[in-house]
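J.: Would you mind keeping the following structure in view while I ask a few things?
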Amino acid sequence: MTQDMNDSPGLFDKYLSENRIFRDREVLRHSYRPHILPHRKPQIDQIAAILAPALQTETPSNILIYGKTGTGKTASVRYVGSELESVSARRGTVCRVIHLNCEVIDTQYRVLAQISKLIMGEDETPSDKIKTHIPMTGWPTDQVYSELKNQIELNSGVFIIILDEIDKLVKKSGDDTLYNLTRINTDLNRSKVSIIGISNDLGFKTFLDPRVLSSLSEEELVFPPYNAPQLCDILQQRAVIGFAEDALEDEVIPLCAALAAQEHGDARRALDLLRISGELADRENGSKVTVEHVKKAQAKIETDSMVECIRTLPTQSKIVLYCMLLLHRAGQRIFISGDVTRIYKELTPFLEIDVLTARRISDLISELNMLGVINTRLVNRGRHGRTKEMWFDTNTDKIWEVIMEESDGRLAQVDEQIVVQILR
């Protein structure tokens, strides 16, 4: 048996042969940082102008940066930050850029502790005075803040603190973190701190105290969505490095750009489309990426997004969606909110969950519509009044599979014939 296995082709041999599609697929990922960011020079120049005083050991203005996902906000700020640190090192001044993702680090304690950790980590020869490492939990917040101030002061210089996804921090933990950080300069003598907040959500400002907003938004920048020609340029820049010569049909990049332009000009979506198209061609052992591969990649991305969306739904939303799936599987291609409510109320005793009102069920249906899981429309039924009709415009097999996985086996025990009995 061992001999047979040794003589047979290795499981990965076909994937290790010369790749006819990719030269370096890593350049097609979001994490890759190109040396030039196409169509973002005005924004980069603005950020550089605002941060330039740091090179004179002066305090730069705080900045709030807005823009939808995939519009180059983080990449532009990181690019300027890297250039700032390089110029600072050549001039013999101290400018440090500290980047935090507030989707992950989303409490005041963790933000302050992480800033401290990054400051300590960047100091190759720390002062003997700075021996205290702030633990990630356990201290009173005022002690963490006091220790962070000491570390900033003893590492004298200008610190640019980037709070990416700042809206996630504010929505979860309030604006205390920003209140403290925007006022930290009043307690410093040898160092300066500037804050850059990056957000996809303009509305998060409503969560801020006016004093915090005033301090934080000394400068505001908006990153507009990319249009299709701009996305073409971005993809072309990456494709030259990432794909083998002649691996792409001429129509592939324009199609990826056009599809992503429809999704609010999202460069990340465009890159994902191009990379996944290449991966599909590669797995087929093809020599070219075609328009058909792009169409398959688009369908795959949409399915993956839908699956992730459904997995993160609250339990009650999953139950309401399950009721709709039962109707669909019973042959009801268009169904009304009243039918969903009747099935829901029949199932709740078996599922041992709190029973929602018809109004709340209608709200959950509206949320599922906004997420793109279902389609709805209001129709007038004469003397019976208005009602909400709904339907699925996608294959429901994957949705059903995810709902079954997420239900801990409870829904698998439901007799689907219950729908027929209820609707008689």
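Positions of Cβ are set from backbone N, Cα and C atoms, glycine also.
Quick caveat, the model's predicted, so the values are computed rather than measured.
Pulled these features from Swiss-Prot for this protein:
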type    : residues                                          : note
BINDING : Thr71, Gly72, Lys73, Thr74, Ala75, Tyr226, Arg238 : ATP binding site
J.: Across all chains shown, how many C-beta atoms besides its own are within 10 angstroms of the C-beta of Thr74 (ATP binding site)?
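T.: Thr74 (ATP binding site) is surrounded by 20 other Cβ atoms within 10 Å.
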J.: How would DSSP class Thr71 (ATP binding site) in three states?
T.: coil
J.: Let me make sure I understand the span of the ATP site: among Thr71, Gly72, Lys73, Thr74, Ala75, Tyr226, Arg238, what is the greatest distance between any two Cα atoms, in Å?
T.: 18
